[in-house]
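All remarks here apply to the structure that follows.
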Amino acid sequence: MRDNRGHVAAPRGRRALVLAAALSTALALALVLVAPPDAVQGDAQRWMYLHVPAAWSAYLCFAVVLVACLPVALHDAGRPLAVARAAAEAGVVLTAVTLATGSVWGAQTWGSWWVWDARVTTTVAMGLVYVAFLAALTLATGPRGRRTAGTAGVLGFLMVPVVHLSVVWWRTLHQPPTVLAPGTDAPIAPVMAWTLAVSVLACTLLTTVVVLDRARHGAGHDSPLAVADPDEARQRLPVAP
Amino acid sequence: MRVALPRGRGRAWAVLVIAALGLAGLLASAAQDGLTYWGTPSELLAQGAMDRDVRLGGLVVSGSVAQDATGASFVLTDGATDVTVHYAGALPAAVREGEGAVVEGVLDGQVLHARSVLLRHSNEYRPPEGAP
């Protein structure tokens, strides 16, 4: 078997990563509590500090899937896909968190728990694409299946710009982007921007810890020979938080 | 209650089929209705009266919001065209003049009888005036 990419965050690196994740999470929670409410939305706007980091981390996970799948899709069908699987799993969970927090935020500000506008519709589609990718990866036992799954993992990333720019391309109920907006200064008060930045950092670090841990523990089962019983493999994985 | 779920490869196939069907459904609905969630007053009035519900979006004109026991009304504008919205019920507390709203209902001439009123908010985030 090839070298296991999961080992990049070996014990010492992992400890530093966990410490950084814990510290930034504590700081983020403190900032979220002391940040001022929004002039228009009031306290409901605080959902932004969970909704935006979850969405960003989901994008990041799907970028990791893209990078991990590229060699498999292009030439080397035997390369381990444990990192891609772990990142896709985390990305799907984070997409669900994005939809759930967006739903509550929408109930409080829009007046509706759920609308099928372009942002919500494309986000659901993005989640389904990676659910399909994970199923395809589980079903892939030979080189051909793995190449198919890898290609899905590469092409699936096309959903990320579609989701992000959906609020620019189509008229939606969702507002246009604030921070990663094309060509404008972010119309957000500095204290809110800092709170959001620390929240995004904390969520990114927590996601990195979870993805690396799951990739490391799942790696032994990720080879064309070892996926004979994926249920058995799954039972040996730690449960995601 | 226990439901016998398929295991192993059977389950993976089931998940794959369900995800693919969901994607196909989203794609079909997007192809049929488009992904544009609402029309502007100018667009909807140009289309004329329709039997089915329409979604109208615009800014709430300042000074136009009126609420009494029987219902509420306000005017939505896109800057060029105004549409008066009647809504039988109490408006959400957060209907604010000058902010965006999307209403769903039947268009009757220049008047829209709304079934639901949704509020848009801008992408600007600021503390209230005078806050530290």
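Using the three backbone atoms N, Cα and C, a Cβ is placed for every residue, glycine included.
For A:18-174, the entry in TrEMBL reads domain 'Cytochrome c assembly protein'. Mean pLDDT across the domain 'Cytochrome c assembly protein' (A:18-174) comes to 95 in this model.
Taken from TrEMBL, the feature region 'Disordered' applies to A:222-241.
As annotated by TrEMBL, transmembrane segment applies to A:52-74 (among others). Residues of the same chain lying 6 or more positions beyond the ends of the transmembrane segment (A:52-74) and with a Cβ under 8 Å from any Cβ of it are 5, 81, 83-84, 87-88, 90-91, 94-95, 97-98, 101, 123, 126, 130, 133, 146-147, 149-154, 156-157, 159-160, 163-164, 179, 196, 199-200, 202-204, 207, 211.
The annotation transmembrane segment is assigned in TrEMBL to A:86-108 (among others). Same-chain residues lying 6+ beyond the ends of the transmembrane segment (A:86-108) with a Cβ under 8 Å from its Cβ atoms: 41, 44, 47-48, 50-51, 54-55, 57-58, 61-62, 64-65, 68, 114-115, 120, 123-124, 126-127, 130-131, 133-134, 137, 153, 173-174, 207, 210-212, 214-215, 218, 240.
For A:120-140 (among others), the entry in TrEMBL reads transmembrane segment.
Here TrEMBL flags A:152-171 (among others) as transmembrane segment. Beyond its flanks by at least six residues, the transmembrane segment (A:152-171) meets 59, 62-63, 65-66, 68-70, 72-73, 81, 84, 88, 117-119, 121-123, 125-126, 129-130, 132-133, 136-137, 177, 180, 182 of its own chain at Cβ-Cβ distances under 8 Å.
Feature annotation from TrEMBL assigns transmembrane segment to A:191-212 (among others).
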Residues outside the transmembrane segment (A:120-140) whose C-beta sits under 8 Å from one of its C-beta atoms, at least 6 past its ends, are 55, 58, 62, 65, 81, 84-85, 88-89, 91-92, 95-96, 98-99, 102, 114, 146, 148-149, 152-153, 156, 159-160, 162-163, 166, 174, 224, 227, 230
